[in-house]
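Colleague: Below is one structure. I have some questions about it.
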Amino acid sequence: MGNWIINHGLSAFILVVWMGINIFLFVYYYLFYDQGPQFEYTRELLGSALPWARAPAAVLNFNCMLILLPVCRNLLSLLRGSFICCGRTMRKQLDKNLTFHKLVAYMIALMTAVHTVAHLLNAEWYTNSFQGQYGPLAGNLSMLDDSSELKTTYLNPVRSNSTTPTLLVFTTIAGLTGVVITLALILMITSSMEVIRRSYYEVFWYTHHLFIIFFAGLVFHGAGRIVRSQQVTDPPHNTSFCEDQPENWGKNPECPIPQFAGGFPQTWMWVIGPMIIYLCERLLRFIRYMQPVSYRKIVIRPSKVLELQLVKPGFKMAVGQYVFLNCPAISQLEWHPFTMTSAPEEDFFSVHIRSVGDWTEDLIKMVENLPEGGQGPKMAVDGPFGTASEDVFDYEVSMLVGAGIGVTPFASILKSIWYKFKDSDPKLRTKRVNHAMVHFDKDTDINTGLKQKTSYGRPNWDKEFEQVRQENPSSVVGTFLCGPQALAKDLEKKCVKYSEVDPRKTKFYFNKENF
């Protein structure tokens with residue numbers, strides 16, 4: 001348990017706080033609408049569907065406020081820099097931004113389902129109440145209309161016997177925006193499935209931009225004020241006394257005609273801040289899109305891997321960071337993330353692009369067809385953005401694990417280590433990098449110049465972790481992975497297993513790249 005707390009304690013605490021807020025909001029607003037006296041007549045028409053519709057709405061407001069923040073990458077990079085004084089555990093939470101983004105999305109999907117079903121029942125019960133199917137009280141409440149002459153206000157939005165639940169849904173602001181929001185959400189969630197995102201990234205990219213329609217509908221969703229509550233009148237309308245004698249409303253001084261009004265829309269107040277932050281993010285992306293980028297070198301590597309060495313004025317990077325690339329000749333809207341393989345000490349930045357999907361295939365074909373000495377297509381660059389690998393030099397001992405194209409962030413790290421050792425950088429804390437063995441027939445690694453070389457293949461992790469622990473009995477070891485989720489689970493378990501609870505002994509901290 002102590003080892004688990006070392007690696008996951010703060011993440012678990014944040015998750016518990018988030019879930020606790022969700023539960024509190026749901027329970028609080030459920031009881032508010034289920035027991036609040038101002039909604040007693042509303043419940044007469046809608047029954048328990050009222051709290052079941054409104055409680056998820058409160059949870060939706062909270063999570064829709066959060067959903068954009070984990071994908072505001074410039075904000076995260078700014079926070080990462082601000083948390084330098086707060087320790088690596090705090091900064092590690094920023095590397096789980098996409099995991100949190102998905103969790104919030106799941107909560108939004110769940111609450112949307114509950115909210116939608118409850119409101120579909122509400123539409124049915126509004127109609128039935130107007131038709132007198134739920135007794136004289138519900139019928140009298142449904143007959144109330146907006147009338148300045150009679151000084152009455154309506155409670156039931158259904159105003160005609162010809163109004164059906166379907167017609168109510170498609171002729172009200174709440175209903176129409178609700179349909180649009182739900183359809184946009186379904187498309188975004190289904191296109192975000194792993195198989196679609198990996199194989200048809202363009203489908204994921206374009207459908208995910210339905211979030212613009214989603215948030216626009218969300219802001220206007222409550223404008224119709226379809227759920228109404230009883231207002232305070234003078235003299236007051238005593239609900240418990242008057243509900244059994246609706247025929248005397250307006251005649252008995254103790255039973256004036258009840259007045260109703262819709263609640264003030266609140267969703268926009270929850271989401272306006274994150275929307276402005278995200279708008280600033282996109283504005284910054286547009287500014288970067290307009291900045292010129294030139295090619296230093298273009299190389300076609302084996303296995304259809306394209307290396308681009310690029311130069312951009314004022315561009316500064318750190319090890320392990322990534323950029324988003326846009327090629328207008330292929331698509332002016334698509335931006336794709338790529339880890340930089342160059343070192344900060346170099347006067348250019350490079351990326352290695354593997355042929356996966358239409359966009360990368362089109363780019364590689366375009367480059368292959370260039371004339372000798374020709375410049376590549378126009379390229380726009382957004383970034384750089386921070387990742388877990390930025391912290392590699394904060395550890396005295398680091399283990400770098402890359403699978404497939406996932407070796408790219410570590411190319412940057414190994415190059416930077418070579419430069420730092422060459423220049424005798426006094427700020428370098430790292431004394432050893434594990435698993436750096438390539439070209440075993442050489443005395444040093446051909447890429448990095450280090451005596452330890454990069455090794456390929458699947459290692460025996462228990463053996464490797466035990467060896468590192470024995471050789472570094474009092475060190476904090478940073479374990480960095482860029483690779484598949486299955487490997488991440490294995491390494492996470494090993495970090496927990498081989499970490500010592502004693503603060504004077506070896507501890508393994510797991511860090512994973514996320515895009």
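Yeah, the Cβs are placed from backbone N, Cα and C, and that goes for glycine too.
TrEMBL feature annotations, pasted as is:
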- 12-32: transmembrane segment (TRANSMEM)
- 52-72: transmembrane segment (TRANSMEM)
- 100-121: transmembrane segment (TRANSMEM)
- 167-191: transmembrane segment (TRANSMEM)
- 203-223: transmembrane segment (TRANSMEM)
- 285-391: domain 'FAD-binding FR-type' (DOMAIN)
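Tell me about the surroundings of these features in the structure.
Modeller: Remote same-chain residues near the transmembrane segment (12-32) are listed as 51-52, 54-59, 62-63, 93, 103, 107 (criterion: CB distance under 8 Å, separation of at least six residues from the stretch ends).
Proximity of distant same-chain residues to the transmembrane segment (100-121), defined by a Cβ-Cβ separation under 8 Å and at least 6 residues beyond the stretch ends, is recorded for 15, 18, 22, 46, 49-50, 52-53, 56-57, 59-60, 63-64, 66-67, 70-71, 165, 169, 174, 178, 181-182, 185, 189, 192.
Among residues of the same chain six or more beyond the transmembrane segment (203-223), those with a C-beta under 8 A of the stretch's C-beta atoms are 64, 68, 173-174, 177-178, 180-181, 184-185, 187-188, 191-192, 196-197, 263, 265-268, 271, 275, 333-335.
Residue counts for the domain 'FAD-binding FR-type' (285-391) under DSSP, helix first, then strand, then coil, are 21 helix, 37 strand, 49 coil.
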